[in-house]
Amino acid sequence: KDSTIELFVNRLDSVESVLPYEYTAFDFCYDESEKRPSENLGQVLFGERIEPSPYKEDKTIRWASRWDYILESMPHTNIQWFSIMNSLVIVLFLSGMVAMIMLRTLHKDIARYNQMDSVEDAQEEFGWKLVHGDVFRPPRKGMLLSVFLGSGTQIFIMTFVTLFFACLGFLSPANRGALMTCAVVLWVLLGTPAGYVAARYYKSFGGEKWKTNVLLTAFLCPGWVNEEINNSFELKVVFADFFVMNLILWGEGSSAAMPFGTLVAILALWFCISVPLTFIGAYFGFKKSGIEHPVRTNQIPRQIPEQSFYTKPLPGIVMGGILPFGCIFIQLFFILNSIWSHQMYYMFGFLFLVFIILLITCSEATILLCYFHLCAEDYHWQWRSFLTSGFTAVYFLVYAIHYFFSKLQISGLASTILYFGYTMIMALIFFLFTGTIGFFACFWFVTKIYSVVKVD
């Protein structure tokens, strides 16, 4: 009861700048006699520099109530919670409608196809059964797609585990930097499933350049790769973006600039742990036999008939990202507020629920569009399923631009460059995550429907 509670000061920033600075960078009183505590990895990445404080704690506030002033300062908290619940109910209703329509329609299709016993009926096949000899034809640029899937799997598992721990209270706002530390550590340790998934699907696509596939998967995210080119465009883009951001922070004297020692440590984690784990996963992925498909692929590709406007690739891809974005935009507003507007984010339970709803919505919307395309005799579903669900990231990027101009008061070229630089990285990660969900959902759907119909 009478013990002394040490108080510390954190970084300082403002609504007009995203650049955080150390407390001692300003002409404030500070305690030189106290030893500076060490920060964890998440605090260092967010630019938090903990300094000893000359101030004492307020005896009138109980320790269990120390977060009340933050929760009470949240604007329109009740309205925000009502909006979240309303959004979830709408998304669940739409998802149920999509699932019901798909199940009833597919049941009738499968029953009708299996009742065609005569040769004349078989010659008059129509709908999605007509493309059974081409539906599992390897896609173009299979190297790029397989590595996208490996990186997306890594992001999905990392996000799921991080949010699950946050819901249990292990990554509460009281433990600063814990969320980012957990995400980085999981990213490093999840190289094995990334390498396994990339290698497994690359082998099923008929790929033979397994060394290129492993290297592209190991080095973070894949790039715009031709089958003959062994490079990683996205790797260059992400790291060029990151280092430019870090140089700007260094030049501005911000505490968010990553120290050289921390940078070396992260590179060591990447090259010494993540890359070997990716190679191990790829080894088991290539060692295992290829994925068996329920139908055989014809040697000669079938000609795709002229498509209507709604079954062409671009309209379907643009429409496919609307519903998934509709279930996340409210939570996205809160998350952007916590990152750029200095508000505390504490609703991890709702965030985890929205995460699950996002998975369901991405899967169902992509499956629905895939079914329409197969009925139109267009069997190029692999890339389309990835891009349809991944287009949600484009809406995310548009919303982030709208948020910058309508909600923030940021001024200065450096802060503007940092905002859009980090936003591009987040959009890229979100693209890989949602695209992977859409592809796996469609792969399961296509495999399932062609395994239950009779094909001569």
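Using N, Cα and C of the backbone, Cβ positions are placed for all residues, glycine too.
Sequence annotations record features per position, and here TrEMBL assigns transmembrane segment to 81-103 (among others).
Taken from TrEMBL, the feature transmembrane segment applies to 147-171 (among others).
The transmembrane segment annotation in TrEMBL covers 177-199 (among others).
Feature annotation from TrEMBL assigns transmembrane segment to 263-286 (among others).
Taken from TrEMBL, the feature transmembrane segment covers 317-340 (among others).
The transmembrane segment annotation in TrEMBL covers 346-374 (among others). Listed as Cβ neighbours of the transmembrane segment (346-374) (distance under 8 Å, sequence separation of 6 or more from its ends, same chain) are residues 67, 71, 81, 84, 88, 91-92, 94-95, 98-99, 101-102, 105-106, 127-128, 131, 135, 159-160, 163-164, 166-167, 171-173, 310-311, 316, 319-320, 323-324, 327-328, 331, 334-335, 380-381, 384-385, 388-389, 392, 434, 437-438, 440-442, 445-446.
Here TrEMBL flags 386-405 (among others) as transmembrane segment.
What TrEMBL lists as transmembrane segment is 417-446 (among others). Sequence-remote contacts of a segment are chain residues at least 6 beyond its ends whose Cβ falls under 8 Å from one of its Cβ atoms, and for the transmembrane segment (417-446) they are 18-19, 135-136, 145, 148-149, 151-153, 155-156, 159, 221, 234, 237-238, 241-242, 244-245, 248-249, 320-321, 324, 340, 358-359, 362-364, 366-367, 370-371, 374, 381-382, 385-390, 392-394, 396-397, 400, 404, 408, 410.
Distant neighbours of the transmembrane segment (177-199): 39-46, 48, 146-147, 149-151, 153-154, 157-159, 161-162, 165-166, 170-171, 210, 213-214, 216-218, 266, 269-270, 273-286; these residues of the same chain sit at least 6 beyond its ends, with a Cβ under 8 Å from one of its Cβ atoms.
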